[in-house]
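Working notes, beginning with the structure itself.
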């Protein structure tokens, strides 16, 4: 109403002011030169005559021109400009200008709303990514020692010999209860499940287990293992806090680049002992970190063992780049063992054994708490209890008898058969379910995926093996003995290997880069020839048997040994 009244007052002033022309009124109120506008209109009329009928104007022409007013009602023809009263033209100009300003205001309002919606979506994505980042940081940076507790094991930092949470001895009784409790819960497929199978690096005395990944259905003890992919990590992907973008950042970056090219970086180090060069690379990184942060050794150890989750400066993410071919889990456990905060390490006293036994009666499995009470590393408490004290006085320390070896073989084969039966049962039940339920049913409690191709570690829980041996042998005794039995059997099978296979093996070894001789991937060699019946363990034992025939082979390099063996065969 205000705009209409203003428009009327404008017309009234134009009619009663003889000194002011229509052009001046239009120019004064809307900033439009009417003469120039009329000229433009005439030119436009001429152009429209040349165009085809029915052409449409853009929205901008409709908003800024007065052609809409020049049209007669019910007709598409334009009236002549001279036939229109000047005051009416002024009114049309004012109305057009007002309409244009309102349209611009509407556009700005719509743009503001759309920008607000975009900003809301951006904020939502930011909040979502922040939550995901916090969840990752909670797992990656300063992961707690709950990996040692049997009840709350995390897959990211699972100890290699802690196999209590396997698919076969835990899932059978608990999965249906979990699905009954959460019938509508949809478990998303985690793309990192494949990588989690390789996070269990060997950190115990037995290293041969890297060659014993699986057992076939025919009951034999050996199976070829899949090739383990290397970590695809670039040294440039440093995660540094914002305040660290200075000269210290360049120093850390240079150390990581230097350490990434050490001998053995192109080979697999899964389950292998840290070499002196790797130790030096990690120590150098920590020394530089201490200088940058102004920390002494004690403070650095407390930083490494901190579990409050507050410190988020990318320490664990950056130090894992120092050895990019090793998993973060192995580096994490190795650093914590070396830079520990506990006073006691090494030999256990009888008093400590008694205290450990007393604590395990109440807190067995909660090794973080047990370690704090005893002032020892949680891993030490766990291993001491499971490997030496759990069996008590029943644990035998003498040479294994033939009956014990047969019982151990029987127990292991029974567990392997139980694992295969479980897999067949799962496959049969999953075939009768719909796709959505299949996805849920292929997982155990807490959403952990059950592998379609279970490995030997998935099948065998050495604590259960010790219990089925009536506790006469500890879990580590059973594990050691089984490794020896398998190795002896593989060595016997290699005594009759043909000369052609020996020659093929030596030629394959000769083709390898000399830098990889210190860490040969035997499983990769075994899978090189399709349908080859030998395993990586068998090939390694075959090479070691041939190597022993060379005098003073310990003083020769691997390349020299291979050349000498090829000369003997040829």
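Even glycines carry a Cβ here, placed using N, Cα and C.
Annotation source Swiss-Prot lists DNA-binding region at 367-389, citing sequence analysis.
Per Swiss-Prot, compositional bias 'Polar residues' is recorded for 1-16.
Summarising the annotation, Swiss-Prot assigns compositional bias 'Basic residues' to 37-56 (among others).
The compositional bias 'Basic residues' annotation in Swiss-Prot covers 108-137 (among others).
Helix, strand and coil counts from DSSP across the domain 'Myb-like 1' (273-339) read 45 helix, 0 strand, 22 coil. Feature annotation from Swiss-Prot assigns domain 'Myb-like 1' to 273-339; the stated evidence is sequence analysis.
The domain 'Myb-like 2' annotation in Swiss-Prot covers 392-486 and rests on sequence analysis.
Annotated domain 'Myb-like 3' per Swiss-Prot: 493-549, in sequence order, evidence recorded as sequence analysis. Taken together, the residues of the domain 'Myb-like 3' (493-549) have an average pLDDT of 83.
Summarising the annotation, Swiss-Prot assigns phosphothreonine to 64.
As annotated by Swiss-Prot, region 'Disordered' applies to 1-21 (among others).
The annotation region 'Disordered' is assigned in Swiss-Prot to 37-68 (among others).
Residues or ranges marked as region 'Disordered' in Swiss-Prot: 100-138 (among others).
Per DSSP, the DNA-binding region (367-389) is made up of 20 helix, 0 strand, 3 coil.
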